[in-house]
Structures are given as structure tokens and as C-alpha cells.
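Enquirer: Structure in C-alpha cells, see below.
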Amino acid sequence: MTPLEIKGFRIYPAALNRAAQDRIIADVRDVLRQAPLFRPRTRRGPMSVRMSAAGEYGWISDTKGYRYEPNHPDGQPWPAIPGSIRALWDDLADSPRTPECCLINWYDEGARMGLHQDADEQDYDCPVLSVSLGAEALFRMGGTERRDPTVSHWLQSGDVVLLTGPSRRAFHGVDRLRPGPSPLFPEGGRLNLTLRVVT
Ligand code: MD3
Ligand code: FE
């Protein structure tokens with residue numbers, strides 16, 4: 001599969017067919033039964049995106065700051081990363097490391113994620129792999145400086161994005177969802193999964 005490359009962001013459109021998306025969603029629902037979505041709070045207030053995670057580490061944020069932790073806020077260890085999701089890393093990431101975190105982001109219709117860099121991982125040379133499921137999202141891609149120009153692209157259900165090289169350090173965000181039902185989520189909303197090496 002040859003990716004669409006925008007500013008070093010490698011986008012694999014429709015990498016997952018409907019059956020593969022259904023398998024992954026069933027596995028994510030299983031994870032969320034054990035590690036329910038929670039709403040991280042930052043110093044700037046509650047996030048509009050709800051989160052959970054699978055793997056050795058999950059990302060949490062509270063009034064003390066944000067960091068990777070081996071346990072859900074409820075005190076339980078995160079469930080294992082489902083094989084259906086880890087398989088995408090083996091196919092596409094071309095990394096000697098194995099992912100230690102599958103971050104799960106749930107977007108309700110009004111949710112967004114402001115422009116940010118992912119900088120809480122110890123090795124920025126390890127790629128990040130992202131999977132979009134459900135409602136389409138307007139994804140904004142910048143450069144390594146916040147002031148750099150940005151380009152926007154609608155991510156669709158089944159698209160996979162590989163962040164490797166300079167794009168791994170680039171600013172990015174999600175401006176908005178396309179509202180309304182999707183085949184995967186008749187009630188609306190979007191799921192984004194990111195596989196990461198954390199340590
Ligand atoms: C570029 N998630 O979880 S996915 C995030 O759609 C995050 O939920 C967005 O930004 C979402 O941190 C965007 C694409 C993505 C994911 C991780 C990245 C782009 C990235 C890490 C580094 C650089
Ligand atoms: Fe990010």
C-alpha cells in the first residue's frame with residue numbers, strides 16, 4: 001500500500017475494510033468494559049475528548065499534570081493491547097520496538113483537540129500509528145514550530161496515519177467532526193486509536 005504523504009504525515013486511506021473495523025471496534029468495546037472512558041482534566045479545564053488506554057501504559061492528566069501511568073484512574077492496570085490493533089503496527093510501523101500504549105480517544109460530536117505536539121514519550125524517533133473509526137474528522141497538520149503553516153485533511157473511518165520522521169514531532173490537532181451517524185456509530189461520534197512506544 002502506498003500512502004498519501006502530506007508534510008511527512010503518512011496517510012493510508014481506507015487501510016481497514018469494514019470487517020477489520022468491526023473486529024477492532026468489538027475489541028475496543030471489550031477494553032472499555034474493563035477500563036472505562038474518562039474525561040481528563042488539565043489546568044485549562046476538562047477536555048472535550050474522553051480517553052482510555054490499553055497496554056503497559058496509558059496517558060492520564062489531572063491537576064498534578066499529565067503523564068503515562070501503568071494504571072487506569074480507578075487503580076486497575078490497563079487491559080492488554082488487542083491483537084487486531086497490534087497487527088497494524090507489525091504491518092506498517094517498520095519499528096524494532098513494540099507498542100506499549102494504545103491510547104483510545106472518543107470524540108462526541110462537539111469534541112475537538114487543539115493543536116499540540118506529542119512530547120510525553122521518551123523516544124521521539126519511535127513512530128506513532130493512528131487509526132480513525134466512525135465520523136470523519138478535520139485533521140490539522142503543522143510543522144515542528146507552533147507558528148508553522150498548517151494543512152487540513154478529512155480523516156475517514158478506516159484510515160490509518162503513520163507519524164514517523166519529522167512528522168512525529170509536528171504540531172497537529174482535530175478541529176471538528178462531521179456531525180451525524182456513521183455506519184459504525186449510528187449515534188454519531190468518532191474513535192481514534194494511537195499505538196505508541198512510551199519508554
Ligand atoms: C502526530 N490524536 O492522541 S490522530 C493524540 O484524532 C492525537 O484523536 C488525534 O493527536 C485524534 O495525540 C490525531 C493523528 C496523530 C496521532 C498522534 C501523533 C498525529 C500525530 C503524534 C505525533 C505527531
Ligand atoms: Fe497528538
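A Cβ is built for glycine as well, from the same backbone N, Cα and C atoms used for every other residue.
Small disclaimer: the values here were computed from a predicted structure and weren't measured.
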Enquirer: Record says TRP59, TYR66, ARG67, TYR68, ARG146 bind substrate. Source is TrEMBL. Which of ASP91, ASP94, ASP120, ASP123 does it list for that same site?
Expert: ASP120
Enquirer: Taking ligand 1 as the reference, state which of the binding-site residues ASN105, TYR107, ASP118, HIS172 have a Cβ closer than 6 Å to one of its atoms.
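Expert: Near ligand 1, sequence order: ASN105, ASP118, HIS172.
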Enquirer: Averaging the per-residue pLDDT over the domain 'Fe2OG dioxygenase' (98-199), what integer do you get?
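Expert: In the predicted model, the domain 'Fe2OG dioxygenase' (98-199) has a mean pLDDT of 96.
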Enquirer: Measuring Cα to Cα, how far is LEU193 (2-oxoglutarate binding site) from HIS172 (Fe cation binding site) in Å?
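Expert: Rounded to a whole number, the Cα-Cα distance is 15 Å.
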Enquirer: To the nearest whole angstrom, what is the C-alpha distance linking ARG146 (substrate binding site) and HIS116 (Fe cation binding site)?
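Expert: A Cα-Cα distance of 8 Å.
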Enquirer: Let's see if you can do this one: DSSP helix, strand and coil counts over the domain 'Fe2OG dioxygenase' (98-199), in that order.
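Expert: In the domain 'Fe2OG dioxygenase' (98-199), the DSSP-based counts are 5 helix, 45 strand, 52 coil.
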Enquirer: I need the most crowded of these binding-site residues: LEU191, LEU193. Count other C-beta atoms within 10 angstroms of each C-beta and give me the top one.
Expert: LEU193
